[in-house]
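Colleague: Let me begin by handing over the structure; questions about it come next.
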Amino acid sequence: MHVPDGFINAPVSVATGVVAAGAVAVSLRGARRELDERTAPLAGLVAAFIFAVQMLNFPVAAGTSGHLLGGALAAILVGPYTGVLCVAVVLLMQGILFADGGLTALGVNITDMGVVTVLVAYGIFRGLLRVLTRGKGTGPARKGAVTAASFVAALISVPAAAVAFTLIYALGGTADVALGKVFAAMVGVHVLIGIGEAAITALTVGAVVAVRPDLVHGARDVMASPLALRVVSPAAPAAPGSGAQGTPPAASVPASVPASASTSASGPDAEEPGATATGRRSTWRIWLAGLVAALVCAGVVSFYASASPDGLEKVAADNGIDKKAEDHAAEDSPLADYGVKDIADSRLSGGLAGVIGVGVTLAVGSGVFLVVRRRTAAAASTSPSATSTSRSGSEPGQGGQV
């Protein structure tokens, strides 16, 4: 659904560019709350994985193909704000390096494929998750609910993006085509594409939630396991001259709280070093497995992808909209059209271009999220509450040693 230059007129392209820029700015601030030590390493990988899987066009109808949009997948795995940034990074790399999606239409594409899909998918996912997990335990039933909710959310997000494109086209389309015709064609084919999107999203989310449910940002609260805490009252000191040895400690009182709450209450220092190290190793194993999967998809499997036009390209060709397409500013890029210039072998050229794309997207995405994460940590360390806490701990009579 990458909109090329020329489909949408300049005023509407500028307006959607402003909307996209505002959404990215809001997402940069919102991502500070999402990018913790678990999410941050995965966010760049999610962007690279979306780039790779978008190269895998799958047939959906006679002469038409589709590919992953990725908004639902990103929002569910790393959060809605970070998800918008992931898709924006992918679209920026595709437009600059691969001449895929117009540069003047970048705002249209980010608004449509990033903002709309994330908002629709995440809202549906969270709503369904509340319904599907009500009254269920924390075991396989809840994991199945997460997978099912991700399937439905991704399925609906794709035709929602098609509706959004139709609305944008109604405001600034450059071809004289009946709006009802564009709407029917776009929504019809993208319902079919949504099935493929839903399958890819559900398989990916299901694989992650099966081994590390805490890495699925959108389901952390419902996947948190209750822990029994033993709250012990300290022994009361003996009264002077009473000869008593102090009152015995009160009976232990069990309290059931979510695992996430206990972690935040006790802080990271309360975690056992062995458990923390094991969790980090598990996260990096998943990260490496995801990177290998992305490289294989982009470097090998992409050669077998459908060569048929995608949903938007097919609708544009059938209705004469494609005649309004303009030359891409990056058409002379050495990676244009997902091939390395001057390499005659199409398999090698396409595979190498895909691997380069995964690497560049991973580097740029990880760089963005690392900067956001560091700024979050810096802001937390200089916050008034952190400063007052450190001061109170060192003052006599306030918990510090005299």
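Cβ coordinates come from backbone N, Cα and C, glycine included.
Pulled these from TrEMBL:
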{"type": "COMPBIAS", "residues": "238-268", "note": "compositional bias 'Low complexity'"}
{"type": "COMPBIAS", "residues": "377-392", "note": "compositional bias 'Low complexity'"}
{"type": "DOMAIN", "residues": "285-374", "note": "domain 'PDGLE'"}
{"type": "REGION", "residues": "238-278", "note": "region 'Disordered'"}
{"type": "REGION", "residues": "377-402", "note": "region 'Disordered'"}
{"type": "TRANSMEM", "residues": "7-28", "note": "transmembrane segment"}
{"type": "TRANSMEM", "residues": "40-60", "note": "transmembrane segment"}
{"type": "TRANSMEM", "residues": "72-97", "note": "transmembrane segment"}
{"type": "TRANSMEM", "residues": "103-125", "note": "transmembrane segment"}
{"type": "TRANSMEM", "residues": "146-171", "note": "transmembrane segment"}
{"type": "TRANSMEM", "residues": "183-211", "note": "transmembrane segment"}
{"type": "TRANSMEM", "residues": "286-305", "note": "transmembrane segment"}
{"type": "TRANSMEM", "residues": "351-372", "note": "transmembrane segment"}
Colleague: Three or more CB pairs closer than 8 Å, sequence separation of 6 or more: does that hold for the transmembrane segment (7-28) against the transmembrane segment (183-211)?
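Modeller: Taking Cβ pairs at least 6 residues apart, the transmembrane segment (183-211) and the transmembrane segment (7-28) are not in contact, as fewer than 3 fall under 8 Å.
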Colleague: For the transmembrane segment (286-305), could you work out the same-chain residues 6 or more beyond its ends whose Cβ comes under 8 Å from its Cβ atoms?
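Modeller: Beyond its ends, the transmembrane segment (286-305) has Cβ neighbours at 41-42, 45, 48-49, 51-53, 55-58, 65, 67, 208, 211-212, 215, 338, 346-347, 350-352, 354-355, 357-358, 362.
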Colleague: Mind checking which residues reach the transmembrane segment (72-97)? Cβ under 8 Å, same chain, six or more beyond either end.
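Modeller: For the transmembrane segment (72-97), the nonlocal Cβ contacts are 2, 20, 23-24, 26-31, 33-35, 39, 42-43, 46-47, 49-51, 54, 103, 106, 109-110, 113-115, 117-119, 121-122, 125, 150, 153-154, 157, 197, 200-201, 204-205, 208, 215-219, 330, 333, 335, 357, 360-361, 364-365, 368-369.
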Colleague: What is the three-state DSSP composition of the domain 'PDGLE' (285-374), stated as helix, strand and coil residue counts?
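Modeller: Per-class counts: 64 helix, 1 strand, 25 coil.
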Colleague: Same chain only, please: residues at least 6 beyond the ends of the transmembrane segment (40-60) with a C-beta under 8 Å from a C-beta of the stretch. Say none if there are none.
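Modeller: Beyond its ends, the transmembrane segment (40-60) has Cβ neighbours at 66-70, 73-74, 77-78, 82-83, 85-87, 89-90, 93-94, 189, 192-193, 195-196, 200, 204, 215, 283-284, 286-287, 290-291, 293-295, 297-298, 301-302, 305-308, 310-311, 338, 354, 357-359, 361-370, 373.
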